[in-house]
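Participant: Okay, so Swiss-Prot annotates it like this:
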type: ACT_SITE; residues: Glu371; note: active site, proton acceptor
type: BINDING; residues: Glu200, Gly334, Ala335, Met336, Glu337, Asn338; note: substrate binding site
type: BINDING; residues: His370, His374, Glu393; note: Zn(2+) binding site
type: DISULFID; residues: Cys421-Cys460; note: disulfide bond
type: DISULFID; residues: Cys759-Cys766; note: disulfide bond
type: CARBOHYD; residues: Asn85; note: N-linked glycosylation site
type: CARBOHYD; residues: Asn119; note: N-linked glycosylation site
type: CARBOHYD; residues: Asn405; note: N-linked glycosylation site
type: CARBOHYD; residues: Asn650; note: N-linked glycosylation site
type: SITE; residues: Tyr455; note: site 'Transition state stabilizer'
type: TOPO_DOM; residues: 1-20; note: topological domain 'Cytoplasmic'
type: TRANSMEM; residues: 21-40; note: transmembrane segment
Amino acid sequence: MLHSSAMVNSHRKSMFNIHKGFYCLAAILPQICICSQFSVPSSYHFSEDPGAFPVATNGERFPWQELRLPSVVIPLHYDLFVHPNLTSLDFVASEKIEVLVSNATQFIILHSKDLEITNATLQSEEDSRYMKPGKELKVLSYPAHQQIALLVPEKLMPHLKYYVAIDFQAKLGDGFEGFYKSTYRTLGGETRILAVTDFEPTQARMAFPCFDEPLFKANFSIKIRRESGHIALSNMPKVRTIELEGGLLEDHFETTVKMSTYLVAYIVCDFHSVSGITSSGVKVSIYASPDKQNQTHYALQASLKLLDFYEKYFDIYYPLSKLDLIAIPDFASGAMENWGLITYRETSLLFDPKTSSASDKLWVTRVIAHELAHQWFGNLVTMEWWNDIWLKEGFAKYMELIAVNATYPELQFDDYFLNVCFEVITKDSLNSSRPISKPAETPTQIQEMFDEVSYNKGACILNMLKDFLGEEKFQKGIIQYLKKFSYRNAKNDDLWSSLSNSCLESDFTSGGVCHSDPKMTSNMLTFLGENAEVKEMMTTWTLQKGIPLLVVKQDGCSLRLQQERFLQGVFQEDPEWRALQERYLWHIPLTYSTSSSNVIHRHILKSKTDTLDLPEKTSWVKFNVDSNGYYIVHYEGHGWDQLITQLNQNHTLLRPKDRVGLIHDVFQLVGAGRLTLDKALDMTHYLQHETSSPALLEGLSYLELFYHMMDRRNISDISENLKRYLLQYFKPVIDRQSWSDEGSVWDRMLRSALLKLACDLNHAPCIQKATELFSQWMESSGKLNIPTDVLKIVYSVGAQTAAGWNYLLEQYELSMSSAEQNKILYALSTSKHQEKLLKLIELGMEGKVIKTQNLAALLHVIARRPKGQQLAWDFVRENWTHLLKKFDLGSFDIRMIISGTTARFSSKDKLQEVKLFFESLEAQGSHLDIFQIVLETITKNIKWLEKNLPTLRTWLLVNT
């Protein structure tokens, strides 16, 4: 799964501790080998203690008290029939689950949520007591755990197979989970309905009763009944269609490979598709609503190239004969990797050359690469439990880098990947962060695991490990991991083992030597030892939270190194600082270069302090070469002065990514109280000579951040001087920008950012040009093709008049391009009139003109503006209960709404206001991790202003 960030630019102690053992039933059932990682008691039966178990909805005792399912009954195969009615907006369904019983039991526990069970029966071909068809079962329901219990009249016997048949029905969901309805508007204005599934992480149980945990892998045979005007899609190819009475059709699909329930998918719609064949014969199809079929061609081209790449890179063929990618009009996340039927938000799959910018193209390519990587990481090899969600999400995010670089080098994603790491450092440098791998049991806790730590930090430590091991060894290791655990589940240690012993069978059959390959000298560290070495190093990154700070002090030819925990908003002089540093130690794979040599030196820092000797005297040392390491670097003494001097004299002597890293680190260190703000601002002087777009954008992003912070606080003297400084120093590069789509991807992204900044600062030439283009666009009735990279800027300037704002809202409703709608919605949110902003929010809540899927991002962008910040926050407080009816408590949307409307506050009054609101929620969410993150972020903002406001004011007076 990937969360959408297109409009904003942009997952306890276990209640059920299973002692993991290994058993295999092959000896008893030679025709079946079911190997799993469970241990079970000798039998399951009712407790005589009436207080030991919860109470079912009918008042009887429910026979199971844990959140996790018992492992005594293992699903092997589901026969699932579904008939959705797109008129009455409900569905009827039935299933027959083949299960294997490992120990005697009186009950079967499954997951089920909001389903009406109308009948349940049991049959067995191996147990004589259940050979007669239709032995009816009593069904108990315990909604608090989203579980049902099927009570059997006589104990099920060990090592026998049974068939559980269940009939059930439900309404199609109004939200974005389970089996739900989505709508779209045709060019002619007609509203049409489709039925779609989205099951990750714990919503398959909303569509059919099942063993809804990733460890319970099974095969699925799916049948879908539909009307003739619709098509049905599922994970596997359709094998036949049966005509029924009344004009209905029933599609039967091939049985799936063995997989987890969260990957099951089926859709009934009237979409059209374009198709192609990969070099290995896989049919790839892109589906979209009929009027948007012309926007699917880039996705098809990219999918074919990326699937071919992954098959070669992983040395494993994609195991299905087809792969469908479909753009869903209502979709909460960016995309979902259902095996063979990947679902996408429209902005993550469709590309319209007339309205999609360079950034849009990069986003679509990344999301496709991410979801295709999941067909191996996540689908073929699945984490044992959601605490290790990073094993699939971190890898998929990392594989975006590898795959996009290989297939579309012109998109220059290698440079952009730095932002993936910089984004998560903001959160990971707070004390309220969490380890990558963290216990999660409830559905809400599991949903909270889908966050920047699992995705971005997971990807960044994998990139660091690849740089440490070397590309070839790392690739061999992940190939071994995928081959060894295909169609199975894995945990952290399994990955470290594969990366430590990355010998493939081919290495030995060809007579190769793997464990001490002499070819791997550039990145292979001679002291990298056995299995425990990689595990020992990487557990310091996955099992403890936070990010290390490397403190470097140069003394002649000697470097004194020290590692600390890097914390934003907690300063060394604060009383709590020392306690927050205790027990934190990372094994950091360091890299560094010097002014005297381009050679990349390597060292692992395993202790709190260490000393390195340089071979020759050097004027400066730069650690974390190309920012491949996940750590911040602080140069004590004259270290920063020497680097800033070098940037001003000849910045090209430092590598482009190193310049980006220096800008990032220097401003991060200001937030941690380790550097004064004037030192960081002095570094920005060199940017007027910078030609690397990533470095320019990194520096500008901090200056723009400070400007908007002052603007929101109405500190007008500083905001005006910052505006003057920005236009004074960057006017030449702003004025060089053409209002076109010319140049490389980075040229185009720089153009968008610079012109947006110029118009935000009311730079007269920018406002004049944007106004001119907007007027021409209105006069052409929206037919004029404005260059895509400046489209958002033109719309934003146009939205500042009443006529322009109203016209944009009309065009938003009419547009057939989701990329254009995103740009229009952003522009509408920049209005300075609060009644217009409130109208947008109300339309988002209603969900007709502005789809509810966009509400969280809309509130986020509105809150970024001075006129919208308090408005958005007040709306959230007043409508919290209504918001929880639209989005799950721990969902990405709720977390974005909370952080987006509060995290920019920077006063003690607002901190208290937010804190009191969170405390008032109690069961409605006061326990969410995001609340502590927000409170700490606001505190950090307050301390930043207290410490740096006088310095910023003085520095600007001197430099403008």
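Every residue, even glycine, has its Cβ placed from backbone N, Cα and C.
From a predicted model like this one, the values you see are computed outputs, not experimental measurements.
Looking at the shown structure, can you explain where the listed features end up?
Facilitator: The secondary structure of Glu371 (active site, proton acceptor), as reduced to three states from DSSP, is helical.
In the three-state DSSP scheme, Glu200 (substrate binding site) is classed as coil. For Glu200 (substrate binding site), the Cβ neighbour count at a 10 Å cut-off comes to 24, with all displayed protein chains included.
Around His374 (Zn(2+) binding site), the C-beta neighbours below 8 angstroms that are at least 6 residues distant in the chain are Glu337, Lys392, Ala396.
Under the three-state DSSP scheme, Cys460 (disulfide bond) falls in the helix class.
A 10 Å cutoff on Cβ-Cβ distances gives Cys759 (disulfide bond) a total of 23 other Cβ atoms nearby, all chains included.
The secondary structure of Asn85 (N-linked glycosylation site), as reduced to three states from DSSP, is extended strand. The C-beta environment of Asn85 (N-linked glycosylation site), restricted to residues of the same chain at least 6 apart in sequence and closer than 8 Å, consists of Phe91.
The number of other Cβ atoms within 10 Å of the Cβ belonging to Asn119 (N-linked glycosylation site), over all protein chains shown, comes to 13. When secondary structure is read from DSSP and collapsed to three states, Asn119 (N-linked glycosylation site) falls in the strand class.
In the three-state DSSP reading, Asn405 (N-linked glycosylation site) counts as helix.
Following the DSSP three-state reduction, the secondary structure of Asn650 (N-linked glycosylation site) is helix.
Tyr455 (site 'Transition state stabilizer') counts 26 other C-beta atoms within 10 Å of its own C-beta, drawing on all protein chains shown.
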Participant: How big is the substrate site in terms of the longest C-alpha to C-alpha distance among Glu200, Gly334, Ala335, Met336, Glu337, Asn338, in angstrom?
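Facilitator: Roughly 13 Å, rounded to the nearest whole number.
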Participant: Quick one: Cα separation, Asn405 (N-linked glycosylation site) versus Tyr455 (site 'Transition state stabilizer'), in Å?
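Facilitator: Cα-Cα, rounded: 19 Å.
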Participant: In this structure, which of the recorded positions Gly334, Asn405, Cys421, Asn650 has the fewest other Cβ atoms within 10 Å of its Cβ?
Facilitator: Asn650
Participant: Using Cα coordinates, what distance in whole Å links Cys460 (disulfide bond) and His370 (Zn(2+) binding site)?
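Facilitator: That separation, Cα to Cα, works out to 15 Å.
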Participant: Please identify, among the recorded positions Glu200, Asn338, Glu371, the one with the smallest Cα-Cα distance to Cys766 (disulfide bond).
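Facilitator: Spatially nearest to Cys766 (disulfide bond) by Cα position is Glu371.
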Participant: For Cys759 (disulfide bond), which of the recorded positions Glu200, Gly334, Ala335, His370, Glu371 has the nearest Cα in space?
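Facilitator: Of the recorded positions Glu200, Gly334, Ala335, His370, Glu371, Gly334 has its Cα closest to that of Cys759 (disulfide bond).
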Participant: For the topological domain 'Cytoplasmic' (1-20), provide the mean pLDDT of the predicted model.
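Facilitator: Taking every residue of the topological domain 'Cytoplasmic' (1-20) together, the mean pLDDT is 44.
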Participant: With Cβ-Cβ distance below 8 Å and at least 6 positions apart along the chain, what are the contacts of Ala335 (substrate binding site)? List them in sequence order.
Facilitator: Met1, Leu2, Ile342, Thr343, Tyr344, Arg345, Ser348, Leu349, Val367, His370, Glu371
Participant: Which entry in the list of recorded positions, Glu337, Glu371, has its Cβ near the fewest other Cβ atoms, using 10 Å as the limit?
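Facilitator: Among the recorded positions Glu337, Glu371, the sparsest Cβ neighbourhood within 10 Å belongs to Glu337.
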Participant: Can you tell me whether DSSP puts Tyr455 (site 'Transition state stabilizer') in helix, strand or coil?
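Facilitator: Tyr455 (site 'Transition state stabilizer') sits in a helix per DSSP.
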Participant: Please identify, among the recorded positions Asn119, Glu393, Cys421, Tyr455, Asn650, the one with the smallest Cα-Cα distance to Glu200 (substrate binding site).
Facilitator: Glu393
